[in-house]
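The next block holds one structure in the form of structure tokens; read it before the comments.
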Amino acid sequence: MCLLARVRHIEITPDVNGNMFFWHFQNKHIANKQRTVIWLNGGPGCSSEDGALMEIGPYRLKDKDTLVYNEGAWNEFANVLFVDNPVGTGFSYVDTNAYVRELDVMADQFVTFLEKWFKLFPEYEHDDIFIAGESYAGQYIPYIAKAILERNKKGGESSYKWNLAGLLIGNGWISPPEQYEAYLQFAYEKGIVKKGSDAASKLEVQQRICSKQLAVGPALVDNTDCEKILQDLLQLTATSKGGEQRCVNMYDVRLTDTYPSCGMNWPPDLDAVTPYLRRNDVIQALHVNPNKVTGWVECNGQVGANFKPSSKPSVELLPDLLKEVPIILFSGSEDLICNHLGTEALISNLQWNGGKGFEITPGTWAPRRDWTFEGEAAGFWQEARNLTYVVFYNSSHMVPFDYPRRTRDMLDRFMGVDISSIGGKPTDSRLDGEKVPETTVGGVAGNGTDAQQAEKEKLDTARWEAYRKSGEIVLVIVAFSAAGWGWWVWRERKKRRGYMGVSGGENISPSGEARGREGFRDKRSAADLEAGDFDENELDDLHMRTPTTVMGGEGNDPRYSVGAASEDSEDEEDVKGKGKEKMSG
């Protein structure tokens, strides 16, 4: 199977060398209509290659040299466009004095990117467009959606209205007041902090300071006093073991990490992704502009340090967006930094489309419907008035990392994928025990492990049949050749007996041995994306052969997240944020 992928930079702000990098994968199947999903990781300053190679892209890295197929990839029924946003993130770049500071500026630049992208690829401009992401993308996505809707309303003869069909935000940083307060609440619920303990008393004091700041100050995306709640929580709950301090992994509380990393060494795939994206052959295959002089880092600390928006938090944009666009918020149950309790609190306090929270009539709330996926308890769904909320059980901050197939089921359901014209075995996905509209995850006709195995067996059978027929032909040829050879030998011997006295009796040996067959062998092994030769002067199309042998399974503020400088530059730090400089998502 071959996948069509396109990669390159698009210039956004030429006066400051602002360029954005994208990686686009074409869909494998078209189910009733064309769709494009735009994926953004968070940070701010964290690369969407995280999403491409560790979450929803068609490949995962088994190690730094081996790509394997991701059975839950989101490009089954949708084109997927990964963008390193804002400028300076991942393979994107900009002059160091021109990093983005505000969310509205970021959104305007992203619309500029899309305008230029659709000029390059006009065949996708009529697609249903979905914008998805996680963590600090909970700020990016609503602002970008607002900018797109405003662009559509301005119109113009040359402006086609983009069909913004939906937004998906996973473990998003959306509403600081509720989400800051949820740190300690979540820690109590999970037993990380015991109520009444010294640690609890100290954290409650800091939470009161935070609440006071939020009450008197302007509504901002982040607050230093509130950030300290999480910093103190991780420090106060750290333990010593074997001379090493360990702390809770803030992205998956089932795990621990060395202090003060507390999750920055996670996920484990990062150990392979970073060296892979720094390989010269990969950089060349991805057509990374030579003007990008530093190596890839997951999160650019300078982007995060400069991103200090005075913009209002994105939660304030949701009511108007929900009038026009369906939104799905989803949460991994084991994430601390953007935990589900905070998301549920912000939904409960939100007023939209004539109601508050998930109240469907006065005193009646939309039910939480138990979700099972292939016979296992997967989480629950809740929805009302254009907003859907999904919790994934036993999952981290990066839900698609843990459950790519379940998130694909969620995506297909949200997009309204109709598989009736495609075939394949429907996925057993149920809400409250009832079969829901059918989706297919890894089981589309001609796709998935079963189909691939059947196709392999079919090809093997055809191959051996060809060999058998070829063998029969060869036997006939050999028989005729042997007869001809025998006749030729008999004739030559007869000649030599007549000319022996003249020729001196030398035996004339025929020369018929072929030479140089090694030169015809293609010694290049089955290739992943970097193996082919690409013309730098042409549109950057990467045709990637799907591996089938291995299948993938299911700043200046005292912010905790600021990490060590990267190997490449003091200006770039490998930082994770929640959104904020706290998470790669």
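Glycine is no exception: its Cβ is also placed from the backbone N, Cα and C atoms.
On a predicted model such as this, the values are computed, not experimentally measured, just so you know.
Residues annotated as topological domain 'Lumenal' in Swiss-Prot, with sequence analysis given as evidence: 19-469.
For ASN386 (N-linked glycosylation site), the same-chain residues lying six or more positions away in sequence with a CB closer than 8 A to its CB are LEU322, LYS323, VAL325, PRO326, ILE327, TRP352, ASN353. Taken from Swiss-Prot, the feature N-linked glycosylation site applies to ASN386 (among others).
According to Swiss-Prot, the feature N-linked glycosylation site maps to ASN394 (among others). Cβ neighbour count for ASN394 (N-linked glycosylation site): 15 (other Cβ atoms within 10 Å of its Cβ, all protein chains included).
Per Swiss-Prot, the feature N-linked glycosylation site maps to ASN447 (among others).
Per Swiss-Prot, transmembrane segment is recorded for 470-490, and the stated evidence type is sequence analysis.
The topological domain 'Cytoplasmic' annotation in Swiss-Prot covers 491-585.
DSSP gives ASN394 (N-linked glycosylation site) a coil state; it is part of no helix or strand.
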